[in-house]
């Protein structure tokens, strides 16, 4: 409210609101923004969970008074449904509960529900297709087919996008008595069910909304599909319709048969489910252990959750994607809540205090690495600890909620959480809706396709006393074999993983042995349906047509060959690129909380070999371009020099500032508005000469990140930074120095959590890669820089050049090809409210605190306490 309202989201690094159209486009991610105060609506029921009833009442009044749903803006149907419609319905659910209790919300007369109904009608035009599957986007003012709508030309949507509507739409129908919403959502689900691959009972990632043909035929439980499965099971719980459970169990049997390779969950082809579709996993699948708990299948839930936790302990956060041998594949982490969600459900099911320790780790990492002066910033790169100026609404809607509930006792809650079901955005819908306004006739269209083990058809929710009869060590016994799985090696004994990676049947020709000039190799390729095309620039392109293979077995050999070639290409290019670096602002009032993604240099000090990094105050040089002798050496000596890109080579700039006595250099991009959020990683190349004479570290910042430092200089004059290979722990930064009081104060709450953990321990004693490719982008020959692309989801193998070979597959499946939009619309993300960590103060001072756990007061207080502690942060800008 202080920095961003009424914008849709907070930008925590620059302390302002994100307004669509006023910031550089982030592509499909921005489709969640509709100029309807997204974060406020998404957070309504979180306030009540946290017992912030007065704040909730004020927030509801703001929504009613200020929010406009009739904007001329194109939004995602999926995101608007789960975040805004779900937020309004969740807010309405807890509002009527509070009103019934008689103290708060006595004035409330269903205003949020009226807004939800208005929004529901604005989403309905998206369903105007012959299949009943909705268009992925809709204009809030003009719908889909209106001349001014600027949408309606799309042909594809993701399975989760079309299959994650039934809870919100059915709840809207049950609350209002208007059946049309539930009817449309059911029709979409029915169509997806009918289009499943009948032999495997799996669904693909994307589907044509007009024909029903699968566009992407790979199948998993992560991005693009995840919440479709979630909503089938939860629709049965909320609505009581047996057909939803039967469909879920049919899919679940297929998932456990083909996709589940404990502890991994790997995508497969829907037509050939024994063949892995990729060798990496995305972070959105972290919700699946929680869904397995709801299903009652605890053992694989514990196994997958433990594997994910080991990845988190290695990188502090769960990377957006990681390989089967647990290397980082996509390094971003936008503070997603799915792992926290599964942790909460596993704790509820097992009562094992181990999961409280997991939650404590999540909170400590958020406070230590993601907390910034104005909120919590997404991680740009988990390897370096650099930040992105982004705090999605799901962080407050989900992460805070699940982590609070993980540690909350029953007496901490003002209502019974068991009376509600969580939507995929963690919004609360009351279970009594199952008996209200049942206007939809139930017809079972499922059983005729189902021939499964009876154990898949339990009709009641599992009881923990049955799951863990007199065996409090049950969960620990499952976790124990996996505790070192990430650090040691990829789990063995997984036949299909090994087969796809080369330990099983191998193609007659291995990618590492292939030579384009060998006639025998070309003949083998032809037999496998792989053709070789010579391009004008001297490269060769490999293309597979499975239908041209000599046999189906040869076609599979060709597919394995292509997958090997992609892996080989990826590995070769990774060896050629340098990882990103970090610029960490360590002076007052930042104290290491702001970390900027920086591009490395191919010369000068190698920060990866100097773990301490280079620390110093920054100084702007004259001339600012650094292309001639520095005229203010007295200001630069023993400082880190700031200079502008352009007019000469990077190595020349480095030599000039080194001669002036600088201990390091930061080159700031001169392209106005450039940002690491939207541009690929940038590397500074040498000048073609020997650069061994350059001994100081040099880093590159895009314009937006550079301006954060320049604005800080204007505001505070003396700005100190740390140049390093990755962000440092603040305890390390201030080792041997006086730690600012606010950092000590902000850690008081963690002891409360420690006490609860120790109480639980006592109780227990009395009773645990799409191809990553380097690419030159917009080089300026006179400076000799290079640029890396580290976000490979937008690159198909046909564009992945390595050693003059590019790869393509024109069959129904293109190995390694991923849609850039596939990750975002797949599943609602989560938000987290960290509780503060506690440390001891200096020996000459004493701090008293109440040993009683006070999670309700501590969680939302974090943000305000930080703001108040920054004495000099009196403006809304850095």
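We count from 1, first residue shown onward.
Even glycines carry a Cβ here, placed using N, Cα and C.
Whatever TrEMBL says is automated annotation, not expert-curated.
The shown structure was predicted, so the numbers you read here are calculated from the model rather than taken from an experiment.
Some features that TrEMBL has for this protein:
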ACT_SITE  79  active site, proton donor
ACT_SITE  320  active site, proton donor
BINDING   424  Ca(2+) binding site
DOMAIN    621-708  domain 'PA'
COMPBIAS  756-767  compositional bias 'Basic and acidic residues'
COMPBIAS  777-791  compositional bias 'Acidic residues'
COMPBIAS  829-843  compositional bias 'Basic and acidic residues'
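Between the active-site residues 79, 320, 79 has the most other Cβ atoms inside 10 Å of its own Cβ, all protein chains included. Residue 320 (active site, proton donor) sits 19 Å from residue 79 (active site, proton donor), taking the Cα positions as reference. Taking CA atoms as the reference points, residue 79 (active site, proton donor) and residue 424 (Ca(2+) binding site) are 11 Å apart. The residue listed as 'Ca(2+) binding site' counts 29 other C-beta atoms within 10 Å of its own C-beta, drawing on all protein chains shown.
Across the residues of the domain 'PA' (621-708), the predicted structure has a mean pLDDT of 91. Remark: secondary structure over the domain 'PA' (621-708) totals 20 helix, 17 strand, 51 coil, with classes taken from DSSP.
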